[in-house]
Amino acid sequence: FFHGFYAEETLVGNLASMSTSERIKAIQKMPETMKKKREIRNKVLKEITKKSRHRSTQLCCCTQCLQGIAVSFRRFGNSLSEYFHLLQLQYKTLKVIGAEFGTSVLSYFIFLKWLLTFNIFSFLINFGFLTIPQFLAAEPNNLSFTGLELLTGAGYFQQTVLYYGFYTNATISKIKNGPSYNMQLAYIFTVGLYFVICFLILLFSMAKSFCRNFINPQAHSGNASKLLCTWDFNITNEKAVKLKQKNLSTQIKEDLFEVNREVLSFSVRERVVCIAVHFASWVASLGTALAACAGVYFLSTNNLKLFVKGHRNDLESQAAMLVLPVVTSLLNAFIPFFYSWLGRLERFHTPGQHIYVTIARNIILKISIVGILCYYWLNIVAASESQCWETLVGQDIYRLIVVDFLFCLLGSFFGEFLRRIIGTTVCVNLGLPEFDIGRNVLDLIYAQTLTWIGILFSPLMPGIQIIAFSIVFCVKKVSLMKNCQPPRKVWRTAQMTTSFMFLLFFPSFLGVLSVIGVTVWRLKPSDECGPFRGLSSMYAAVSEWIEILENYTASKWVVWIYHNLITSELFFFILSTSILIIAYLYWQIIEGRKIMIKHLHKQIIN
């Protein structure tokens, strides 16, 4: 008996000293019954608990403090993950939209949710590194709040952390001989690193979407697998079962539409007429975009003259501020309806062709208008007699975003709600409207482009866009469910989300980078406001910082990186060449993988 007891105690001690994986394997290999294995496992766990308690009594105070900090960080991480889980807006709603309206409409809401999450990240960066330190050095605001500032962005908001001009150029230090915070370096490095992170996130998102939808789409949307292998037998709720059935039915219809799509043949005369209609439509659309850009340019220059001269009546001044954003939003709201009408005249063979052509025309219109506004801000406003031209640009962008948001809500009311009333009561032949994917997606890209431009002149602009996108998500969801009908032709749009990401990257994001680059390197900041007052350019703050670091031996490595990498044309040439080579090799790997998948697919079929 004592020999068996001693052997078991030795066994338990040996198992307790093992790692978790080794202990599990050792217990599994024992030639014992399951009941005996459970008893040994419980004894081992008790022995481990005793040893951990004994060790904990011997820990020093510092170690216990570190353990407490680790536990606190773990709890904070868990609460943060729960918070971000709540930000996954209405996942069930997205499933309902996909089941009722198909993946084409669902792609819009997925893109909107992605932009909302992206702006939350942007707001946290700017608020943490710029706004909070500025609060420590902020002076009291003596202006009164009237309520009109919510529309115009001027007045009371002008002396707040919303705009560039309010931020100090001093080094913030609340403790004598303590650590200091250089607002100039914080401002330029925060904005610069933010755009680098945005660049990487957009590249990663595009690559991920491209791999999922172009490289191996059959792995995610196989025709046979949807019918035979995709049912989730864990679903027992009746509503969830019906929703899953609708979702699968819609996806199978989309795949069958792609498979059964007919290749139409036209006579020579019909082809000539079709080409003529397409050519006339493109001439009309490009001419309309050109006229809109000319109108925005002349209106913006006259608008600046009104601001420089000033107004006797404050109400007149507030109304004059809204003329440019209202006219710009009117053009962006009504011209896309004209483009949709042109698309119906052209009679495309598939809904996808109609949507992609509409998106191309809308992106030309909106990016052209943004380009004209950027030229106006960087060449006319920056050279004006304004005391703080950066704040003036920030106010312009604020008004454009707010008015565009209001027009987006009005578009849902007039374009969808009233259209449903007319189609069901006055003119029954019209029927319910369909959700215009192209126009709504370009509205999001236009708003996000303005937000990126405005970050340099208004660091809290992403916070305003968070509120706008949240309301747009709810309004569009309700309007879709109540006012719109599913597409008459069900079709698969696996590649549409990738196209949205690409349009957001080019020309939107790359165009914004060029605007920010010109502003930081070429333009002279205002002499009386902002963190870069008195400098020849915003980038001069970095050059002056490097000159200071040259006097410190410990910072020589930073100076070396600056002179030999950051300011070296050769380094960027080698870097860009390496990226192109890697991209080419990656593309070759992708092509080889696609060929291999097709070959395996043929073998499986045979």
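Keep in mind that glycine also has a Cβ here, set from the backbone N, Cα and C atoms.
Per TrEMBL, the feature transmembrane segment maps to 114-136 (among others).
According to TrEMBL, the feature transmembrane segment maps to 185-204 (among others).
Per TrEMBL, transmembrane segment is recorded for 272-299 (among others).
The annotation transmembrane segment is assigned in TrEMBL to 319-342 (among others).
As annotated by TrEMBL, transmembrane segment applies to 354-378 (among others).
Annotation source TrEMBL lists domain 'TMC' at 388-494. Mean model confidence for the domain 'TMC' (388-494) is a pLDDT of 87.
For 398-419 (among others), the entry in TrEMBL reads transmembrane segment.
For 500-521 (among others), the entry in TrEMBL reads transmembrane segment.
The transmembrane segment annotation in TrEMBL covers 570-587 (among others).
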| Region pair the transmembrane segment (185-204) / the transmembrane segment (272-299), three or more CB pairs under 8 Å | no
| query | In the same chain, which residue numbers or ranges, 6 or more beyond the ends of the transmembrane segment (272-299), come under 8 angstroms Cβ to Cβ? | reply | 266, 323-324, 327-328, 331, 335, 338-339, 342-343, 345-346, 361, 364-365, 368-369, 371-373, 375-376
| Apart from its near flanks, which chain residues at least 6 from the ends of the transmembrane segment (570-587) lie with a Cβ under 8 angstroms of it? | 564
| message | For a three-state summary based on DSSP, what are the helix, strand and coil counts in the domain 'TMC' (388-494)? | response | 79 helix, 2 strand, 26 coil
